[in-house]
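Undergrad: Handing you this structure, nothing more for now.
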Amino acid sequence: MNTVGPYHNRQETYKYFSLPFCVGSKRSIGHYHETLGEALQGVELEFSGLDIKFKDDVMPATYCEIDLDKEKRDAFVYAIKNHYWYQMYIDDLPIWGIVGEADENGEDYYLWTYKKLEIGFNGNRIVDVNLTSEGKVKLVPNTKIQMSYSVKWKKSDVKFEDRFDKYLDPSFFQHRIHWFSIFNSFMMVIFLVGLVSMILMRTLRKDYARYSKEEEMDDMDRDLGDEYGWKQVHGDVFRPSSHPLIFSSLIGSGCQIFAVSFIVIIVAMIEDLYTERGSMLSTAIFVYAATSPVNGYFGGSLYARQGGRRWIKQMFIGAFLIPAMVCGTAFFINFIAIYYHASRAIPFGTMVAVCCICFFVILPLNLVGTILGRNLSGQPNFPCRVNAVPRPIPEKKWFMEPAVIVCLGGILPFGSIFIEMYFIFTSFWAYKIYYVYGFMMLVLVILCIVTVCVTIVCTYFLLNAEDYRWQWTSFLSAASTAIYVYMYSFYYYFFKTKMYGLFQTSFYFGYMAVFSTALGIMCGAIGYMGTSAFVRKIYTNVKID
């Protein structure tokens, strides 16, 4: 048996025997090993005591009885009122059953007492399991309730590799809307790339022509001419950003999150990770730890180029930014889980294991990345000299202010992913298994292209208004996608789910905040990287005295 809990709150689960069910006569079962992912996801496997042998049919038989006193009856009534259902595994195949039901008036409550198991086998492998709950018995205090089961084995043509296919929902995930949304986002990408290249080709060509014409004028004409545009800020555009320590740590973390997303999606496309409990989470943790040098390399080299001196502090902040955010949220939610006695409460041993991964795997690898980054690409090789005195930023229209650009920058990247968000949320918060990772990869690529295009356009407008504070603006205008995703998660909670209770609500909004922030940091880093390349390119091609 795995866990039992309310149907509408997927994450609120309790041990199966926290309800006063009785245990069968068989006492032991083969060795069971729990992985890190399972411990974090609250999987609590306990042996049911049902005696089942391969290909041995069992006629309906009682396996134990419950002495129903008032306390036990109240526990069952509470479970039935809250639509509790349980999950069990036979040979790692999940099956679900409902605890009981109430009559129409809600006065009498009934418990399902008979588990009818039909197990399909192909050769010497179990390939299919069905559970039917029967034997409705009214809950009356101070009575005995007999629990019974039967097992029927039948030959099946399902191959062992395909035994999970019946749990997938192609009509939901491969719906026309899903294909249409991908197509829609793809058209948006073509439009945006076209727009960016047109703006940049035409406008930049005009700019270059104007600047080279100005080169040919004599000094007198040049003084009378009105110089304006992005060339004016060439002496300030490569000035280090404000708060370079935090900035480079965010960029490093964003590059790492992108690497993790990319690798995990590829692994999920090749291997069917949904067939094993907790394997997706275990894979993500392993890949995150292994890609730590990426974080150190990009963060450390950027910090060195910006003239940062406290590189050890930068390395620590970069290494622990994401783990601290995730662990902090988990720690807070863990208190509520312990208060609820939920199976989601993370055991102390698992916490220690996660801390060890942070200190003994992530930190050393980050150090390696930082040293490589500082030595290989830490020299500031900018195409223009940085002036000693910062140039004053002229007045500009309200819609060219960095704050406005930042707020508007996230709309298009969010628009390109929000339908995919619906499918991902539904597989995480409801009972669907997400398996269309090809779609997810496409959406990730589309998101990257849209983000880079949007930030390049925003930065071009900003520089044209002779405002050289482009580093934070490019990062934040892409990262503001996170705000829109979090706002969408509120809509999803209130209109698409029926969750209730403190535990489930804090779990939902806590982890949604983590997800949105991580997505925002990733988008910000992608936006900054693209814009940085663009800014270098345009200032390399212009003649500067």
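Going from the start of the chain as shown, residues are counted 1 onward.
Using the three backbone atoms N, Cα and C, a Cβ is placed for every residue, glycine included.
Positions annotated as transmembrane segment by TrEMBL: 179-201, 245-270, 282-304, 316-340, 346-368, 403-425, 437-463, 475-495, 507-529.
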Undergrad: Check the transmembrane segment (245-270) against each of 179-201, 282-304, 316-340, 346-368, 475-495 and return whichever range has the most CB pairs under 8 Å.
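TA: Most Cβ pairs under 8 Å with the transmembrane segment (245-270) come from 282-304.
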Undergrad: Cβ under 8 Å to the transmembrane segment (316-340), counting only same-chain residues 6 or more beyond its ends: which ones?
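TA: Distant contacts of the transmembrane segment (316-340): 12, 42, 245-246, 248-250, 252-253, 256-257, 288, 292, 295-296, 299-300, 346, 354, 358, 362-363, 366, 370, 502-503, 506-507, 510-511, 513-514, 517-518, 521.
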Undergrad: Can you tell me which parts of the same chain pack against the transmembrane segment (475-495), counting only residues 6+ beyond its ends and a CB-CB cutoff under 8 A?
TA: 247, 250-251, 402, 405-411, 413-414, 417-418, 421-422, 425, 429, 451, 454-455, 458, 505, 508-509, 512-513, 515-517, 519-521, 523-528
Undergrad: Run the contact check on the transmembrane segment (179-201) against the transmembrane segment (507-529): 3 or more C-beta pairs under 8 Å, excluding pairs closer than 6 in sequence.
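TA: They are not in contact.
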Undergrad: Rank 346-368, 437-463, 507-529 by Cβ pairs under 8 Å to the transmembrane segment (403-425) and hand me the top one.
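TA: The stretch with the most close Cβ contacts to the transmembrane segment (403-425) is 437-463.
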